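Some notes on the structure that comes next.
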Amino acid sequence: MLEMFSLLEPIAQPLPLQLPQESLEFRASKISFHKSKPTRRRDFPQPISTSPAHFSPLDDLVNSSTYASALESCKCPRLGKQVHAQALKNGFHGHEFVETKLLQMYGKCGCFNDAVFLFDKMRARNLYSWTALLNVYLSDGLFEEAFDCFQQVRFEDFDLEFFLFPVVVKICCGYGGIELGKQLHGTVIKYGFASNIYVGNALIDMYGKCGSLEDAKMFLSNMSERDCVSWNSVISAFAANGNLIEALEVLEKMSVEDHLAPNFISWSALVGGFSQNGYDEEAIEMLYKMRAVGFQPNAQTLASVLPACGRLQMLYLGKEIHGYLTRHQLMSNSFVVNGLIDVYRRCGDMGNAFRVFSMFSTKNDVSYNTMLVGYFENGEISKAQELFYQMQREGKWKDIVSWNSMISGYVNNFMFDEALNTFNKVMWNEEIEADTFTLGSALAACADMGFLRRGKEIHSCAIVRGLQTDAFVGGALVEMYSKCLDVNAAQKAFDEVNERDIPTWNALVSSYARSDEMVSVECILEKMKADGFDPNIYTWNSIIAGHVENARNESALQLFLDMQSSGLRPDIYTIGTVLPACSRLATLDRGKQIHAYAVRCGYDSDTHIGSALVDMYAKCGCVKHARLAYDNIKKYNLVTENAMLTAYAMHGYGEEGIDFFRRMLENGFIPNDITFLSALSSCVHAGLLETGLEFFDLMGSYNAKPTLKHYTCIVDLLSRTGKLNEALKVIKEMPLDPDTVIWGALLGGCIIHGNLEVGEIAANKLIELEPGNTGNHVMLANLYASVGRWGDLTKTRQLINERKMHKSPGCSWIEDKSEIHVFVACDTSHQRTDEIYEILDILTTQIKVEH
């Protein structure tokens, strides 16, 4: 049977201590509070005895005031229990005042069971003891039980006093909300305590924490007496709820209307409010103002501003706060310690992060997980693994957040196999329960690897747990099916999500864009708007990325312009998406424009953007600009190194490429197959055979498996230096089937050095693989010409003519005012052909005159 309570009906007369069950039902008013778990209600036992207590003659030596003083200052439960035992020994059992102080002490020390046991055994209870019990329940987060306790207080045979209500209104934060708060406000008015400043301040605080800011502001304006606490309660309410302009206005009115200067609490509330709502620069500015007016921040204030330092990557300020905390002996506070670790890891200073973690941290779950995330973010995988093993040794392995940190860390570092292996360990461990983040991270690994079957298995796990309807998991499923090019499955996963948010819609848009279904993208955007979501920067990024992936590079660049015209500001991901489009089109002017935008936004020093800029300039033929973009990168990784090394190799800067590769090894980078390919290409351009063979042999030391392209470089090197038999031997003995490129490299060397025997072998293989390629016959003709075999040369040319084979003409293009003009030999398709050939005739005439 559900019990219903209403606080709008005042109790007219004292009720008996023991009530029949039906008497606990009050008449319902505007709102009733239904107890969903009646079994949680605690039946408060009656006092054991109402007879007067007998006290020891020691009362004259150690009186109740002595015990009260000791208990009020006691913060250690062990010492508190010793005082309790001493009180019992001295005959204070049943002493109402002393036992109330004991009750308050147990509540303050977090000894919930001891406090409840003492209350149940008390011979006499007064309003103070009931209030102390209320505080015990609230301290333990038992808001519903605290509400039951207050109901029982109203049944007791004593008058309610004002000091009860500042405690009671705290219940609303965890149970009942603003509806209960307004009923309690009415009860306060009926008991005549609304004008009491302490009760009034508590009501303001309640309205603020329940999000009813206008009620808080209105109550403040109607108060007959106000103090700093009154104003600070409203300031804190507005700041905590993100209404920071209003919080500043209240701060100003505080001085104007009541001539009260903002105090420490006022400034701390503003600092915390700005930081919690993402106004990082403003939060730091408030901290400086706070110190300027003479208030020194405490641990709580600094803990609230440290996340702002981390997000802004203000390492110098983080170090200043670290020094302040050390000088003022505040490093025992776990919140500031974890905040410092977070600042250092966000700034990439894992050395200092580890020192703080090792020396001061209480090593709770938060500090461990912050270190794990930091190691993964900074690419220190082995240290993250070592720390995780340490957590397991110390019995902290049951925290799902730590496992999630490992899985997502592996995913972010492209270690997808390790991510899925860790996910499997979670799923097989009965003591750890995977959550939405676990499944989402594992699905991200499947998406990036294209593991559709494994993704479907995880989808099944989500269905079993009923998590496929969650927005985060649903979005990850849509993304996984999207990257595996299963648009229908992506749509079905999207349809299963109950409460769709903008990321879920964006995942679906990305799915259709990636599949090049742009008509469907338009339809999805219309449905998205009808659902109340406007396309944001991530929506545009998804569509632009879809165009780039499907080689619609011109359309991608046009969308980039359209996005800016719509009022949205491109972010770092937009820049990273459109730069490859510039690279593929070799459109230098537009690439420079995007580079300039990146500079203005401070993105050019980012590792990913810097690598894309190096690649763009290299593919546009500007090695000098590629090097300048490389030098501006703040933090280098293997991707940035490969980009610059490839730029040197692409444009024939052999010596520079070799020197760059050697510096990479000296700086501790672990080269991969891409690195070695660029290094070998540099050796080809420099004509350094010994160095090329050295680099090729070095591949085994770094577990880099040679591909056909690596063997082609070696064959090219041997061929160019005249070692043609050795080159042919490499082709015959390599574990891969040779292609036309590698035979072409060998044939090119034979033409240079006039080796007819090996050259004919290479030419015949080329013609066998590509019989219709005119270039192969031309190279064979050049081979005959190089050794003076004019008869064979004539036969080859006759064969080319008989088969009417034509060599494909070369193509050139220029960019003028964002327009690309393409030219091939004897082309007359351009709309300004007459002008072009007129200028060409003039130039030809001038050249003849010069010669």
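For all residues, glycine too, the Cβ spot is worked out from N, Cα and C.
Summarised as a single figure, the pLDDT of the repeat 'PPR' (126-160) averages 76. The repeat 'PPR' feature in TrEMBL is assigned to 126-160 (among others).
Break the repeat 'PPR' (227-261) down by DSSP state and the numbers are 28 helix, 0 strand, 7 coil. The repeat 'PPR' annotation in TrEMBL covers 227-261 (among others).
The repeat 'PPR' annotation in TrEMBL covers 263-297 (among others). For the repeat 'PPR' (263-297), the residues of the chain that approach it from at least six positions outside its boundaries are 228-229, 231-232, 235-236, 238-240, 242, 244, 247-248, 251, 254, 304-305, 307-309, 311-312, 314, 317, 324, 328, judged by C-beta separation under 8 angstroms.
Under DSSP, the residues of the repeat 'PPR' (364-398) split into helix, strand and coil as follows: 26 helix, 0 strand, 9 coil. Look at TrEMBL and you will find 364-398 (among others) tagged as repeat 'PPR'.
Beyond its flanks by at least six residues, the repeat 'PPR' (399-434) meets 365, 368-369, 372-373, 375-377, 379, 381, 384, 388, 391, 441-442, 444-446, 448-449, 451, 454, 458, 461, 465 of its own chain at Cβ-Cβ distances under 8 Å. As annotated by TrEMBL, repeat 'PPR' applies to 399-434 (among others).
Residue counts for the repeat 'PPR' (501-535) under DSSP, helix first, then strand, then coil, are 26 helix, 0 strand, 9 coil. Residues or ranges marked as repeat 'PPR' in TrEMBL: 501-535 (among others).
For the repeat 'PPR' (536-570), the DSSP counts in helix, strand and coil order read 26 helix, 0 strand, 9 coil. Residues or ranges marked as repeat 'PPR' in TrEMBL: 536-570 (among others).
Beyond the ends of the repeat 'PPR' (637-671), by six or more residues, the same chain brings 379, 607-608, 610-611, 614-615, 617-619, 621, 623, 626-627, 630, 677-679, 681-688, 691, 695, 702, 704 to within a C-beta distance below 8 angstroms of the stretch. Annotation source TrEMBL lists repeat 'PPR' at 637-671 (among others).
For the repeat 'PPR' (399-434), residue counts in helix, strand and coil come to 26 helix, 0 strand, 10 coil, using DSSP.
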